[in-house]
Amino acid sequence: MASTTTCTRFTDEYQLFEELGKGAFSVVRRCMKIPTGQEYAAKIINTKKLSARDHQKLEREARICRLLKHPNIVRLHDSISEEGFHYLVFDLVTGGELFEDIVAREYYSEADASHCIQQILESVNHCHLNGIVHRDLKPENLLLASKSKGAAVKLADFGLAIEVQGDQQAWFGFAGTPGYLSPEVLRKDPYGKPVDMWACGVILYILLVGYPPFWDEDQHRLYQQIKAGAYDFPSPEWDTVTPEAKDLINKMLTINPAKRITASEALKHPWICQRSTVASMMHRQETVDCLKKFNARRKLKGAILTTMLATRNFSAKSLLKKPDGVKKRKSSSSVQMMESTESSNTTIEDEDVKARKQEIIKVTEQLIEAINNGDFEAYTKICDPGLTAFEPEALGNLVEGMDFHRFYFENALSKSNKPIHTIILNPHVHLVGDDAACIAYIRLTQYMDGSGMPKTMQSEETRVWHRRDGKWQNVHFHRSGSPTVPIN
């Protein structure tokens with residue numbers, strides 16, 4: 001009988017030290033590779049607590065991080081799965097957050113801001129060249145390699161990152177941190193790489209004056225500002241900023257993603273590549289002072305969130321009222337944890353699941369509307385050509401393809417001039433990974449019979465949906481109860 005061997009490679013090769021940070025299902029600890037003495041940061045995920053979707057997200061994060069090798073990105077060195085735990089071994093970044101370092105400097109100018117955003121753009125460009133969209137660019141995820149002067153800026157936390165094909169635009173779910181979300185995400189439009197460039201525009205704006213371009217305690221009003229692109233360059237603080245810097249911000253904060261500047265284009269902008277002659281060298285004390293207040297607000301919100309998480313006395317709605325994004329801090333160590341804690345992930349996950357379920361209900365309603373209207377063309381656009389079905393009209397047989405359904409559309413549904421109204425009751429949606437879902441519901445159909453009397457039919461339906469190229473298609477349904485076509 002063959003025996004199964006449990007992997008113990010992490011336990012054998014690495015020694016664990018103090019905790020650097022903590023999330024819902026993971027902890028980050030300093031570790032050392034025993035054979036070399038090299039220090040790293042280990043993100044330790046308790047896989048026993050993960051759902052199937054969480055497992056998929058973990059695999060995606062590891063796959064993405066393995067792909068990205070750049071001096072301005074926190075590097076994944078190892079990914080090891082052991083019994084009950086998964087270990088992601090990252091660079092040990094000890095310089096803390098970029099924004100915290102800036103406020104500790106004696107001198108900070110527009111040219112320094114240019115150098116910071118250049119490194120961020122280099123990391124984003126590398127991601128985009130490799131078909132990766134980060135989706136959560138914000139100050140908390142911009143770290144410094146060390147405490148040394150001139151240490152490299154490192155982009156961290158790829159927990160929300162996605163893989164895209166070329167310039168593909170699709171709906172990948174509602175993800176990000178409120179103040180850095182792009183208009184297209186808020187509109188629930190298909191999106192892609194340009195969302196990262198919008199976030200870069202928000203970050204650059206903050207780097208120059210110490211406060212964000214979009215701000216409101218009320219989240220709905222904040223989102224309205226973002227969708228309208230309602231920002232400006234108020235006096236007096238913007239009077240000393242060069243026109244070239246403002247031009248780059250305008251190109252990044254362009255509402256239309258198709259017209260928004262790309263990372264490679266931004267790196268060629270004069271304010272970036274001709275910094276020494278274009279960017280101002282004047283010390284910006286007002287920016288430093290404002291940035292201190294901005295950082296303090298973020299830390300306060302982080303402390304409040306930590307308390308809420310500890311007591312579990314929180315709701316998705318309360319978490320969504322944090323436009324800056326927040327971080328949970330568990331360690332007094334100077335070492336920075338390189339994962340976003342539950343600040344954005346809880347918010348996004350709750351919002352993402354809710355939005356995706358609503359999407360399935362909406363597309364199901366569209367399909368039923370096509371049936372009621374006798375619109376076979378609209379029906380075929382929503383259904384897979386190989387659609388399988390169990391329905392009363394088929395007398396218990398499994399039917400495949402469109403021909404069986406075409407008969408009813410052409411000979412009954414399209415020729416009916418009776419008013420029909422359908423209600424979906426108690427819809428239950430099960431999300432199966434990122435690209436599949438199942439919905440079960442009661443369907444009530446109201447119509448007028450041949451004698452002009454109102455009638456109601458009831459059926460119980462289950463539909464299976466699969467997303468291809470960003471579009472949901474019905475691949476299977478099972479209906480019991482009344483048939484589709486109202487009987488006189």
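Every residue gets a Cβ built from N, Cα and C, even glycine.
Now, the feature entries from Swiss-Prot:
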ACT_SITE  Asp136  active site, proton acceptor
DOMAIN    14-272  domain 'Protein kinase'
MOD_RES   Ala2  N-acetylalanine
MOD_RES   Thr287  phosphothreonine
MOD_RES   Thr306  phosphothreonine
MOD_RES   Thr307  phosphothreonine
MOD_RES   Lys317  N6-acetyllysine
MOD_RES   Ser318  phosphoserine
MOD_RES   Ser340  phosphoserine
MOD_RES   Thr341  phosphothreonine
MOD_RES   Ser343  phosphoserine
MOD_RES   Thr346  phosphothreonine
MOD_RES   Thr347  phosphothreonine
MOD_RES   Ser414  phosphoserine
REGION    283-292  region 'Autoinhibitory domain'
REGION    291-301  region 'Calmodulin-binding'
REGION    325-350  region 'Disordered'
| field | Packing count at Asp136 (active site, proton acceptor) (other Cβ atoms within 10 Å of its Cβ) | value | 26
| said: How about long-range neighbours of the region 'Autoinhibitory domain' (283-292): same chain, 6 or more residues beyond its ends, C-beta under 8 Å? | reply: 99, 102-103, 105, 107-110, 206-211, 237, 240
| task | Enumerate same-chain residues with a sequence separation of six or more from Thr287 (phosphothreonine) and a Cβ-Cβ distance below 8 A; give 'none' if the list is empty. | result | Tyr108, Leu207, Leu208, Val209, Gly210, Glu237
| field | For Thr287 (phosphothreonine), the three-state class that DSSP assigns | value | helix
| DSSP state at Asp136 (active site, proton acceptor), helix/strand/coil | coil
| field | Model confidence over the domain 'Protein kinase' (14-272), averaged pLDDT | value | 92
